[in-house]
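Enquirer: Structure provided below as C-alpha coordinates; questions to follow.
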Amino acid sequence: ITHSSIPQGINKIYRVETDCTEFRNTTCLPCLYGSFMNQPAGLKQCFPCTNCDAGSNLKIKTSCTSTSDTVCEPLEGFYCIDVKDKGCMAAQRHRHCEPGQYISKKGTASTDTECSDCTDGTFSNGTFTSCQPHTQCESINLQLIRPGTASDDAQCGEHSSNTTVTVISVVVPLLLIAAVVVFIFIKKKCLTGKICV
(Lines of atoms letter the chains of each structure in order from A; the text may use other names.)
(Lines give C-alpha, C1' and ligand atoms only; values in the text may rest on other atoms or scores of the structure.)
Protein backbone atom coordinates (compact mmCIF):
# COMPACT_ATOMS: atom_id res chain seq x y z
CA ILE A 1 0.00 0.00 0.00
CA THR A 2 1.38 3.39 -0.88
CA HIS A 3 -0.01 6.59 0.47
CA SER A 4 1.15 10.15 0.13
CA SER A 5 3.25 11.19 3.11
CA ILE A 6 1.56 14.56 3.20
CA PRO A 7 -2.07 14.73 2.14
CA GLN A 8 -3.31 17.27 -0.36
CA GLY A 9 -3.85 20.68 1.24
CA ILE A 10 -1.19 20.20 3.92
CA ASN A 11 1.63 22.69 3.40
CA LYS A 12 5.30 22.48 4.27
CA ILE A 13 5.05 24.04 7.74
CA TYR A 14 3.78 20.78 9.18
CA ARG A 15 5.51 17.65 10.33
CA VAL A 16 4.03 14.16 10.12
CA GLU A 17 2.57 12.90 13.38
CA THR A 18 1.38 9.53 12.08
CA ASP A 19 1.78 8.01 8.66
CA CYS A 20 -1.21 6.93 6.66
CA THR A 21 -2.35 3.34 6.57
CA GLU A 22 -5.03 1.64 4.50
CA PHE A 23 -7.48 2.61 7.25
CA ARG A 24 -6.43 6.20 8.11
CA ASN A 25 -4.96 9.33 6.57
CA THR A 26 -1.64 10.93 7.51
CA THR A 27 -1.96 13.30 10.44
CA CYS A 28 0.29 16.32 10.67
CA LEU A 29 1.19 18.86 13.35
CA PRO A 30 2.71 22.31 13.05
CA CYS A 31 6.35 22.78 14.03
CA LEU A 32 6.90 23.76 17.64
CA TYR A 33 8.51 27.06 18.64
CA GLY A 34 12.26 26.90 17.99
CA SER A 35 11.91 24.61 14.99
CA PHE A 36 10.97 24.94 11.32
CA MET A 37 10.08 22.93 8.22
CA ASN A 38 11.14 24.44 4.92
CA GLN A 39 10.41 21.47 2.64
CA PRO A 40 7.41 19.18 2.17
CA ALA A 41 9.45 16.08 2.97
CA GLY A 42 6.98 14.16 5.11
CA LEU A 43 9.43 14.24 8.02
CA LYS A 44 8.32 13.43 11.55
CA GLN A 45 10.59 16.03 13.15
CA CYS A 46 11.02 19.69 12.31
CA PHE A 47 14.53 21.07 12.01
CA PRO A 48 15.85 22.97 15.07
CA CYS A 49 16.39 26.69 14.52
CA THR A 50 20.02 27.76 14.26
CA ASN A 51 21.34 29.58 17.32
CA CYS A 52 23.21 32.79 16.48
CA ASP A 53 25.67 32.48 19.33
CA ALA A 54 27.63 35.53 20.47
CA GLY A 55 30.37 33.05 21.37
CA SER A 56 30.67 32.38 17.64
CA ASN A 57 30.69 36.16 17.08
CA LEU A 58 27.21 36.10 15.52
CA LYS A 59 23.87 37.87 15.93
CA ILE A 60 20.39 37.35 14.46
CA LYS A 61 19.81 38.93 11.06
CA THR A 62 16.42 37.25 10.47
CA SER A 63 14.55 35.32 13.15
CA CYS A 64 13.48 31.71 12.73
CA THR A 65 9.88 31.15 11.59
CA SER A 66 7.89 27.95 11.15
CA THR A 67 8.99 27.88 7.47
CA SER A 68 12.54 29.26 7.57
CA ASP A 69 15.67 28.91 9.67
CA THR A 70 17.35 31.74 11.56
CA VAL A 71 19.76 33.76 9.43
CA CYS A 72 22.85 34.86 11.35
CA GLU A 73 25.29 37.67 10.60
CA PRO A 74 28.63 38.70 12.16
CA LEU A 75 28.77 41.03 15.14
CA GLU A 76 30.11 44.54 14.53
CA GLY A 77 33.89 44.38 14.00
CA PHE A 78 33.77 40.79 12.67
CA TYR A 79 33.47 39.17 9.22
CA CYS A 80 31.96 35.87 8.11
CA ILE A 81 34.34 32.95 7.53
CA ASP A 82 31.68 30.22 7.03
CA VAL A 83 28.67 31.05 4.81
CA LYS A 84 25.69 28.67 4.54
CA ASP A 85 22.29 29.29 2.92
CA LYS A 86 22.54 33.11 2.90
CA GLY A 87 23.60 33.08 6.56
CA CYS A 88 26.83 33.06 8.49
CA MET A 89 27.83 30.08 10.63
CA ALA A 90 31.10 31.49 12.09
CA ALA A 91 32.82 34.87 12.16
CA GLN A 92 36.27 36.21 12.94
CA ARG A 93 37.41 39.61 14.28
CA HIS A 94 38.63 42.09 11.67
CA ARG A 95 42.39 42.47 11.41
CA HIS A 96 43.93 45.45 13.25
CA CYS A 97 46.54 47.37 11.26
CA GLU A 98 49.93 47.79 12.93
CA PRO A 99 51.55 51.16 13.68
CA GLY A 100 53.18 52.28 10.43
CA GLN A 101 50.22 50.93 8.44
CA TYR A 102 46.89 52.48 7.47
CA ILE A 103 43.47 50.92 6.78
CA SER A 104 43.44 50.71 2.97
CA LYS A 105 40.10 48.86 2.87
CA LYS A 106 37.70 48.81 5.83
CA GLY A 107 36.38 45.37 6.75
CA THR A 108 32.76 44.47 6.06
CA ALA A 109 30.50 41.63 7.24
CA SER A 110 31.97 39.47 4.46
CA THR A 111 35.56 40.74 4.08
CA ASP A 112 38.51 41.35 6.39
CA THR A 113 40.23 44.70 6.85
CA GLU A 114 43.14 45.35 4.47
CA CYS A 115 46.25 47.24 5.63
CA SER A 116 49.00 48.99 3.67
CA ASP A 117 52.36 50.42 4.73
CA CYS A 118 52.95 54.17 5.02
CA THR A 119 55.41 55.74 2.58
CA ASP A 120 58.44 57.84 3.58
CA GLY A 121 57.51 61.17 5.14
CA THR A 122 54.15 59.90 6.44
CA PHE A 123 52.89 58.07 9.54
CA SER A 124 49.90 56.20 10.99
CA ASN A 125 49.23 54.64 14.39
CA GLY A 126 47.30 51.83 12.66
CA THR A 127 43.81 53.34 13.06
CA PHE A 128 44.00 55.94 10.28
CA THR A 129 42.39 55.41 6.86
CA SER A 130 45.35 57.19 5.25
CA CYS A 131 48.89 58.00 6.32
CA GLN A 132 49.39 61.56 7.53
CA PRO A 133 52.38 63.71 6.46
CA HIS A 134 54.93 64.46 9.18
CA THR A 135 54.67 67.93 10.69
CA GLN A 136 57.19 70.29 9.10
CA CYS A 137 58.43 72.06 12.25
CA GLU A 138 60.23 74.84 10.35
CA SER A 139 57.02 75.78 8.52
CA ILE A 140 55.33 76.57 11.85
CA ASN A 141 58.41 78.38 13.19
CA LEU A 142 59.42 75.59 15.57
CA GLN A 143 62.54 73.49 15.97
CA LEU A 144 62.62 69.76 15.13
CA ILE A 145 63.07 67.87 18.42
CA ARG A 146 62.60 64.32 17.08
CA PRO A 147 62.14 63.26 13.44
CA GLY A 148 58.95 61.43 12.49
CA THR A 149 58.79 57.67 11.92
CA ALA A 150 56.27 55.49 10.07
CA SER A 151 54.24 55.22 13.31
CA ASP A 152 54.80 58.64 14.95
CA ASP A 153 54.67 62.27 13.88
CA ALA A 154 57.71 64.53 14.13
CA GLN A 155 58.04 66.32 17.48
CA CYS A 156 58.56 70.06 17.43
CA GLY A 157 59.61 72.48 20.15
CA GLU A 158 60.46 76.11 20.77
CA HIS A 159 63.75 77.43 19.35
CA SER A 160 66.47 77.71 22.00
CA SER A 161 67.33 81.35 22.68
CA ASN A 162 70.42 82.60 20.81
CA THR A 163 70.96 85.15 23.60
CA THR A 164 71.49 82.38 26.14
CA VAL A 165 74.06 80.69 23.92
CA THR A 166 75.88 84.00 23.38
CA VAL A 167 75.95 84.87 27.10
CA ILE A 168 77.26 81.44 28.04
CA SER A 169 79.92 81.48 25.32
CA VAL A 170 81.19 84.91 26.54
CA VAL A 171 80.82 84.60 30.33
CA VAL A 172 82.45 81.17 30.76
CA PRO A 173 85.74 82.12 29.03
CA LEU A 174 85.83 85.44 30.97
CA LEU A 175 85.43 83.60 34.27
CA LEU A 176 88.22 81.21 33.32
CA ILE A 177 90.54 84.11 32.43
CA ALA A 178 89.72 85.87 35.71
CA ALA A 179 90.45 82.69 37.68
CA VAL A 180 93.82 82.28 35.94
CA VAL A 181 94.74 85.95 36.62
CA VAL A 182 93.83 85.65 40.32
CA PHE A 183 95.83 82.41 40.60
CA ILE A 184 98.91 84.01 38.99
CA PHE A 185 98.58 87.10 41.21
CA ILE A 186 98.42 84.97 44.39
CA LYS A 187 101.37 82.85 43.22
CA LYS A 188 103.51 85.99 42.62
CA LYS A 189 102.76 87.31 46.12
CA CYS A 190 103.85 83.99 47.63
CA LEU A 191 107.11 84.05 45.71
CA THR A 192 107.96 87.63 46.85
CA GLY A 193 107.76 86.59 50.47
CA LYS A 194 104.43 87.98 51.38
CA ILE A 195 102.02 85.92 53.42
CA CYS A 196 100.08 83.38 51.30
CA VAL A 197 96.76 82.09 52.27
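Cβ atoms here come from the backbone N, Cα and C positions, even for glycine.
Because the structure is a prediction, the values reported are computed rather than measured.
For reference, TrEMBL lists these features for the protein:
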type: DISULFID; residues: Cys31-Cys46; note: disulfide bond
type: DOMAIN; residues: 30-72; note: domain 'TNFR-Cys'
type: REPEAT; residues: 30-72; note: repeat 'TNFR-Cys'
type: TRANSMEM; residues: 165-186; note: transmembrane segment
Enquirer: Where's the emptiest Cβ shell within 10 Å among the disulfide-bonded residues Cys31, Cys46?
Expert: Cys46
Enquirer: Kindly assign Cys46 (disulfide bond) to one of the three DSSP-derived states: helix, strand or coil.
Expert: coil
Enquirer: For Cys31 (disulfide bond), just give me the three-state DSSP call.
Expert: coil
